[in-house]
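Database features, via TrEMBL:
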DOMAIN    50-163  domain 'Plastocyanin-like'
DOMAIN    176-331  domain 'Plastocyanin-like'
DOMAIN    438-572  domain 'Plastocyanin-like'
Amino acid sequence: MFRICFYFGFVLILFYSRVFLMELLSPSMLFGIFDRAGSAKIHHYTFVIKEATYARLCNHTKTILTVNGLYPGPTVSARKGDIVYVQVINKGNKNITIHWHGVNQPRDPWSDGPEYITQCPIKSGANFTQRIQFTEEEGTLWWHAHTEFDRATVHGAIVIYPKFGTSSPFPKTHKEFTLILGDWWNANITDVYDNAMQSGCDFQISDANTINGQPGDFAPCSANDTFKVQVEQGKRYLFRVINSAMRTEFFFAIAGHNVTVVGSDASYTKPYVNEYIMITPGQTFDLLLEANQLINSSAPYRYYIYATPFFDGNVAGPRDPNTTVAILEYKIKGITPQLKPVSPSLPNFDNTSAATMFTAGLRSLASYDHPVSVPQTVDISMYITISINKKQFPTGVCAGPIGRPFAASMNNASFENPQLDILDAYYSSISGVYSTDFPDQPPFVYNFTDTDFPRQLFVVDKSTKVKVLEYNTTVEIVFQGTNILGGENHPMHLHGHRFYVVGSGFGNFNNQTDPLSYNLVDPPLMSTIGVPKNGWATIRFREANPGVWFMHCHVDRHMIWGMDAVFITKNGNSTDANILPPPADRPRC
């Protein structure tokens, strides 16, 4: 009896000691304790930002910014429920931040990464340890730089496996491959950024598109370095596809094979078989492939993996038309003759119907183990126009429309980064950094998809506006594309959240008839969604993540021009609904 009483007394002491520790210890110390005591596993990575020399396109050699000298950078792997600590050591020649794209980061915007939104940049010679929590995500995401044009070379994959004891809801695969779609400039990336900012003109077009950093067979002097994957006949494979490109949407296909979409943005989907996918900048897809070719010895055994640009905009405008390829090869015994791979048949670069048809087929899995939680009612309704504009004041030398530098806007507000990050200003109640008047509706109502606009709609003022939301409110946003200065697709990305895409269409949104077609049963759960040219897309989400969260177009030149907004979510009424305190080593402005 004495031993039993002693045992239970000891357990009670441990319990109350743990509660006491929760009140006394810093978040990092506290999570360290629970990580060791609980089921979550802790992973540690070191990211060293440094220059490295790379050559592409006929040995055009240049120095690029990398993580650990790699392009693309290292893959971060974990399981759902795990926590990853990444020490970012900046040995590069410029300041930088790192963002964990699509990770909710509950209560912890301090590690989210966008410069002057949730942190000041990590200065050259300094370091910052970021904590990434995988609480809901399962599948494929990615990380990238969130400063200037740096993510062109500073990016890599994130792979989140199911928790131990659980499994993916699709058939077991023999092996998996990660394919990162990107782009390559022969020019120095910093020069590309500086030239555009100083002139006020559009950004220089890339010289090639890439798969895992390689332009592929069709680019000059690139065939020998084309990325290859090997498969065995009769086996099943998982392809993790990430679009890291700075501005390009892609049709993606593997010749001779259909693919089955089973996940997007680290959320499972109903199995969706198609000949191709359309993937917009920032998005990820998980695809199953059945290696069912090479039926006999005379059958083809090499197949191109194609990523060809989709461009739904003014065909006279600047675009990168270059198709990039990798190669899928079947393993065969003996010497492999060098046969030309089979090419797929893909939609034309401007086939909007094909892109729309693919996107419309995406559905959440909505199963017992992977349920949906679509808000059926809405507390906050926002109607946000997204436009390409011109700056009010004619600085720069750009000779574009109406002779002013480019800008971009949401509800006619063109975002400007402050000098102190908004998160610090909000947390420490520092005034004068931002205003809380981001509008729920556009200030002017007109035919947003017309081809003729009043001159005053071209020009916008720069500002730093935020939208303040109460904790646990449900939010609906209708993104409305406009045709000012020529419309195009806009991939909208929201930090700190994933959202349900409940509807989309073309033309001006009609708030009486268009909601009748919403999917409130099994819409896809995503963190990045393409708003069609001269069309609209509606998202819904519950705002239950206290902190400061960035929302922006993932075409980087649009983000840099000001197609951005910030949400500030207030604390809730309980301790576990409050933003965590800031880490001691966070960068300072």
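Every residue gets a Cβ built from N, Cα and C, even glycine.
In TrEMBL, annotation is done automatically, which means it is predicted and not curated.
Sorting each residue of the domain 'Plastocyanin-like' (438-572) by its DSSP state yields 13 helix, 59 strand, 63 coil. Sorting the domain 'Plastocyanin-like' (50-163) by DSSP state (H, G, I as helix; E, B as strand; all else coil) yields 6 helix, 57 strand, 51 coil. When pLDDT values are averaged over the domain 'Plastocyanin-like' (50-163), the model yields 97.
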